[in-house]
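Colleague: Sharing the features that TrEMBL gives for it:
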type: DOMAIN; residues: 541-583; note: domain 'STAS'
type: TRANSMEM; residues: 138-158; note: transmembrane segment
type: TRANSMEM; residues: 170-190; note: transmembrane segment
type: TRANSMEM; residues: 196-215; note: transmembrane segment
type: TRANSMEM; residues: 254-276; note: transmembrane segment
type: TRANSMEM; residues: 282-303; note: transmembrane segment
type: TRANSMEM; residues: 375-394; note: transmembrane segment
type: TRANSMEM; residues: 400-424; note: transmembrane segment
type: TRANSMEM; residues: 431-452; note: transmembrane segment
type: TRANSMEM; residues: 472-496; note: transmembrane segment
Amino acid sequence: MSSAPSMRVSEQEHFHLEDTSDIERSIWVLNPPNPPPLRNKLFSPLKKTVSFFSSKKKTCLGHAVSFLESLFPILTWFTNYKASKFKEDLLAGLTLASLSIPQSIGYANLAKLDPQYGLYTSVVPPLIYAVMGSSREIAIGPVAVVSLLLSSLVPKVVDPAVDPDAYRNVVFTVTLFAGIFQAAFGIFRLGFLVDFLSHAALVGFMAGAAIMIGLQQLKGLLGITHFTNKTDVISVLESVYKSLHQQITSGEKWYPLNFVIGCSFLIFLLIARFVGRRNKKLFWLPAIAPLLSVILSTLIVYLSKADKNGVNIIKHVKGGLNPSSVQQLQFHGPQVGQAAKIGLISAVIALTEAIAVGRSFASIKGYHLDGNKEMLAMGCMNIAGSLSSCYVATGSFSRTAVNFSAGCQTSVSNIVMAVTVFLCLELFTRLLYYTPVAILASIILSALPGLIDISEACYIWKVDKFDFLACIGAFLGVLFESVEIGLLVAVSISFAKILIQSIRPGIEVLGRVPRTEAFCDVSQYPMATSTPGMLVIRISSGSLCFANANFVRERILKWVAEEENELAKGRVQAVILDMSILF
């Protein structure tokens, strides 16, 4: 008898609770809390950069330890570092050094600097990155694309042929600005700015830069003395033709030994590269082949006295530890603005290449790479490099692949490489006097095929024609104009794609694929069927805002009108919007 009243009371309490929750929900919706103040939005990225601010329950010592571990990742794993890992890192570092030494000399020549500055860049930046970087495989040092970038932009400020000392000072200043920009990107979590240089644009830029670097090597390969400072393909080919034609018509003797030596060792390097790719156990062969080429070519020139028969040689290479370049930095005059602009461009290119390389190998090893910490590490190493006679350094794909194949376990391989290069600077620079310039050109040429990825360009064409337009725009811009024009074209097309997709988002009518529960675009899947009286529409946009709201409304109304004209029995009863991509 008493169960009925108690059930009524419980039902009343249940309905009362539902009404109370509805009222509370309405209050929260109508009177939401105030948003966080502007200062929180501005300074929260800075606090999130390091874990020093992450926990309020830690003591001062705990905060200090967290800060140091976040700033220097080497502290988190070095306590568990074992001798077995050092053995593998030692082998990888020595293998890496055998490739890095000749490449560094060649890239310094490409950047229009003396050979020792390439070796300097393979000492200090790798040491800084080893303690601050989070990638275990990436190999730090000078790279071809950044060297080309400097050799094409800095001569517009100072001509290296007229004043090589002033040119070198501007390069150091550019390196300082590049490091400052990279560190700022990491501290303020501005890595999204680098993403405007999309993967497709980077593929095209790298391919165009590779061809330009190859054409620049014709100077050393052919033994040409008079060469243009421009980098576009027409100017370079015209300069080569005029130089050779002038030598022939004026009766000046042309020495073919430069070409013979360069081509002979280029064939050897390409064969070693091919064998190393076909047989993974011989990964060390393409790594050590450049150093063997330098040793053999130097012996040939020294024993045959080929330098007296027209073979161009490196001559003096200054040895010893990196000298300080603090007094050579330029902070006054009209060159500072130009150096800052070149530094920004170099910073973006160097970061894009390094992060792409680091994330590729991190995904293979199964760990995550923090892009903002990488930017901070890259910035600090380039700032330190600018103070110690180095130019812009970054992660090299070819050397990182060698480091990975050699079995590196940690960034200690970078330390081993840096120490080996330092010993070379201290003990063996005198032996490089008779090294032919043509061998440096052949070493650079042998590394260029890795920068041209035709299969990836074809894949981009199949997936997204707009991305392919950015790819081909960057390629043609670098090839026929200049490096900065190629970058500008690539970023402009990528940015235009973002704007077009935001203002004119993709809107598709969906239909149900027979014998499935999937709803797909009817224009792509003609077999998909729609329910009469119902219109299912998907809005393919990451955001719905004032810029595209009117466009979306007009498209929906247009499809509703078209659907009603096709219906024989009346109007559209319902419109279902699939906006899951927004959430």
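Here the Cβ of each residue, glycine as well, is placed from N, Cα and C on the backbone.
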Colleague: Are there three or more C-beta pairs under 8 angstroms joining the transmembrane segment (196-215) and the transmembrane segment (170-190), sequence spacing 6 or more?
Modeller: no
Colleague: Test the contact criterion for the transmembrane segment (472-496) and the transmembrane segment (196-215): 3 or more CB pairs under 8 Å, pairs 6 or more apart in sequence, then answer yes or no.
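Modeller: Checked: the transmembrane segment (472-496) vs the transmembrane segment (196-215), in contact.
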Colleague: Taking contact to mean 3 or more CB pairs closer than 8 A (sequence separation of 6 or more), are the transmembrane segment (431-452) and the transmembrane segment (138-158) in contact?
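Modeller: Output yes: the transmembrane segment (431-452) sits against the transmembrane segment (138-158).
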Colleague: Short question: which residues 6 or more past the ends of the transmembrane segment (282-303) have a Cβ under 8 Å from it?
Modeller: 95-96, 98-99, 101-103, 105, 261, 265, 268-269, 272-273, 275-276, 311, 313, 402, 405-406, 431-432, 434-436, 438-439, 442-443, 446
Colleague: Grab the same-chain neighbours of the transmembrane segment (375-394) for me: Cβ-Cβ under 8 Å, and only residues 6 or more beyond its ends, written as numbers and ranges.
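Modeller: Same-chain residues near the transmembrane segment (375-394) but 6 or more away: 49, 71, 108, 111, 113, 117, 120-126, 128-129, 132-134, 140-143, 146-147, 150, 171-176, 178-187, 191, 322-326, 329, 346-347, 350-351, 353-355.
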Colleague: State, in range form, which of 138-158, 254-276, 400-424 has the highest count of Cβ pairs under 8 Å to the transmembrane segment (196-215).
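Modeller: The stretch with the most contacts is 138-158.
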Colleague: What parts of the chain pack near the transmembrane segment (400-424), using Cβ distances under 8 Å and only residues at least 6 beyond its ends?
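Modeller: That would be 74, 77, 81, 85-86, 88-97, 99-101, 104, 119, 122-124, 126-127, 129-131, 133, 135-140, 280, 283-284, 286-287, 321, 357-358, 361, 364, 450.
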Colleague: Could you tell me the mean pLDDT the prediction assigns to the domain 'STAS' (541-583)?
Modeller: 77
